[in-house]
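K.L.:
Shown below is the structure under consideration.
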Amino acid sequence: MKNERHVLIVFPHPDDESYCVAGTILAYTQRNVPLTYVCLTLGEMGRAMGNPPFATRESLYAIREKELKRATNILGIKDLRMMGYRDKTLEFETPGELRRVIQKCVEELNPSLVISFYPGYAVHPDHDATGEAVAEALATIPENKRPTFYAVAFANNHEAEIGPPHVKNEVKEYVPKKLEALQAHASQFATKVTELKREYEDGVTETVEWLEREPFWIYPFKDKNK
């Protein structure tokens with residue numbers, strides 16, 4: 001992984017950062033690369049309440065905020081920005097609202113790399129709305145000044161439609177911390193982390209690949225095809 005001037009990560013929910021890009025985050029923060037994480041909601045409408053349940057619909061908001069702060073501390077993120085949008089409603093925000101928020105962050109931080117979801121290939125409506133807003137915000141920047149957009153994709157049909165990933169970050173050395181960050185999101189991954197650890201120790205191919213390598217697609221802005 002090359003050094004970056006500043007890395008901006010934009011995801012909609014607490015745990016997206018730990019589930020999708022924890023190793024990549026650690027690779028940057030442990031080299032003291034400036035990194036900002038913009039989390040648009042606190043995932044308060046999530047269905048998971050812990051296993052066994054310890055959260056309620058009323059308490060989940062505060063619990064997930066604490067989990068997010070714990071996880072980002074583990075990942076070495078010093079600049080966490082919680083934007084306070086309502087979970088599961090991002091697709092219904094006023095047109096241009098999310099784009100403007102992201103534009104302001106880009107103008108302030110001048111990142112060389114932005115990481116978010118690949119719009120249309122990230123399964124959840126909030127994921128797709130976030131990725132679309134990031135793409136729209138970055139598209140307003142002239143190509144020679146635009147940061148690279150690393151997009152995360154995992155819809156069932158994604159490789160058939162957008163091809164194999166352009167980048168696969170090798171993050172084996174960060175697996176223990178990656179699992180620790182996931183464990184911090186206890187309301188969402190209480191039993192999953194135990195299962196992942198067991199599968200990793202047993203050498204389950206899919207789990208080893210998921211924990212040790214993080215794939216990204218470089219988002220294709222239309223002006224690149226001119």
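Glycine residues also receive a Cβ, built from the backbone N, Cα and C atoms like all the rest.
Source: prediction; values computed, not measured.
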K.L.:
Which of His127, His158 does Swiss-Prot put in the same Zn(2+) site as His13, Asp16?
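P.N.:
So the Zn(2+) site in Swiss-Prot includes His13, Asp16 plus, from the candidates His127, His158, His127.
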K.L.:
Using a Cβ-Cβ cut-off under 8 angstroms and a sequence gap of six or more, which residues of the chain neighbour His13 (Zn(2+) binding site)?
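P.N.:
Result: Cys39, Leu40, Thr41, Leu42, Gly43, Gly46, Asp87, Asp126.
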K.L.:
Using a Cβ cut-off under 8 Å and a sequence separation of 6 or more, which residues in the same chain sit near His127 (Zn(2+) binding site)?
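P.N.:
Listed in sequence order, they are Phe11, Pro12, Asp16, Phe117.
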K.L.:
Setting His13, Asp16, His127 aside, what same-chain residues sit with their Cβ within 8 Å of the center of the Cβ atoms that define the Zn(2+) site, listed in sequence order?
P.N.:
Phe11, Pro12, Asp15, Cys20, Gly43, Phe117, Ala122, His124, Asp126, Thr130
